[in-house]
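This report concerns only the one structure given below.
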Amino acid sequence: MRYITAGESHGEALIAVIEGLPANLLIDEDFINKELKRRQGGHGRGKRMAIEEDKVHVLSGVSNGKTIGSPLAIQIINKDYENWKGKIVPAMTRPRPGHADLSGAIKYNQRDIRNVLERSSARETAARVAVGSVAKLLLKELNIFVKSKVLEIGGISVEEEWPKIIEEAKSKGDTLGGVIEIIIEGVPIGLGSHVQWDRKLDALLAYHVMSVQAIKGVEFGLGFEAARRPGSLVHDEIYYDKERGFYRKSNNAGGIEGGISNGSPIIIKAAMKPIPTLLKPLNSIDINSKKQVKAAYERSDVTAVEAAACVLEAVCAWVIADECLKKFGGDSIEELKKNYDAYLEYVKNF
């Protein structure tokens with residue numbers, strides 16, 4: 001499978017096109033809309049979330065609620081577009097440190113940085129959550145589930161303290177990042193491959209996780225902690241039971257060994273940096289005058305860690321769904337499930 005997204009933060013709509021879905025997959029729009037709603041929630045979100053009411057509109061690829069094998073096109077309307085339509089907006093010339101502003105303006109020869117930030121904005125992730133929700137619907141047919149939890153915000157792991165530290169950051173004109181854990185359950189042994197570098201499952205997942213705006217680090221299982229331990233305290237010993245088959249009593253590998261899923265839950269942690277739009281802006285340079293200025297301020301969140309967790313679920317669900325289709329094949333959901341069940345029987349009897 002593959003997908004692309006299109007649209008700007010304050011454009012008329014966001015669009016996503018998914019190619020390669022099997023036919024007869026039930027597209028539950030209520031589920032997709034609930035996932036979009038999740039993305040809009042969480043502590044520290046900005047005023048934009050009070051404007052938008054993200055809902056998916058299927059444009060093609062579905063008949064009677066099910067996919068038909070052709071590309072699935074979906075649209076999410078930007079309600080805030082009405083507030084910008086026809087409005088003359090002054091050029092933005094003061095890049096924000098930590099954003100794509102300066103690099104993007106230089107790369108694409110843009111004297112108005114808004115032409116960069118409109119696409120680099122995390123608003124684009126609404127389209128990816130919709131895409132990932134479709135992937136989740138496919139995975140549900142195979143009893144594979146993706147979930148997440150926020151481990152830290154602003155270095156604090158106690159959830160009850162998050163509202164307080166977020167308000168403190170807001171009062172100081174600052175922003176906060178955090179750490180998110182993604183758990184993928186029900187993944188069989190055998191997704192990914194050791195035979196080529198670009199087929200390794202952990203590499204594919206890391207690539208997609210790192211593609212999410214503001215994500216600056218990723219680890220699997222023990223991650224960096226594995227570098228501090230001897231091998232005897234890192235590697236997961238192998239056991240066998242006639243009913244369970246091969247299994248492990250620990251999961252330090254995070255469900256992947258040699259680039260291949262090993263049957264344990266896949267455990268990923270991602271580090272999200274603080275949002276680079278600060279109410280009290282950092283120093284910058286005006287790209288026209290070349291004079292020292294304060295960076296521009298755009299309406300933004302204090303933190304979006306909880307929202308990012310939903311986005312990370314989506315991109316990870318996409319990878320696992322894509323790998324399932326690569327391995328098991330099937331032009332219809334019925335064929336995919338038949339092939340998948342046969343493979344599970346093979347693994348059980350190995």
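Positions of Cβ are set from backbone N, Cα and C atoms, glycine also.
Residues or ranges marked as NADP(+) binding site in Swiss-Prot: Arg39, Arg45. The FMN binding site feature in Swiss-Prot is assigned to Arg119, Ser120, Ser121, Gln213, Ala214, Gly258, Lys273, Pro274, Ile275, Pro276, Thr277, Arg299.
Largest CA to CA distance in the FMN binding set (Arg119, Ser120, Ser121, Gln213, Ala214, Gly258, Lys273, Pro274, Ile275, Pro276, Thr277, Arg299): 44 Å, whole number. One residue stands out among the binding-site residues Arg39, Lys273 for having the most other Cβ atoms within 10 Å of its Cβ: Arg39. Counting only the Cα atoms, the space from Arg39 (NADP(+) binding site) to Ser121 (FMN binding site) is about 14 angstrom. Contacts of Thr277 (FMN binding site) defined by a Cβ separation under 8 A and a same-chain sequence distance of 6+ are given as Arg96, His99, Thr175, Tyr297, Glu298, Ser300, in order along the sequence. In the shown protein chains, 17 other C-beta atoms lie within 10 A of the C-beta of Arg119 (FMN binding site). Long-range Cβ proximity for Ser121 (FMN binding site), meaning a same-chain Cβ under 8 A and a gap of 6 or more residues, is found for Glu8, Ser9, Gln213.
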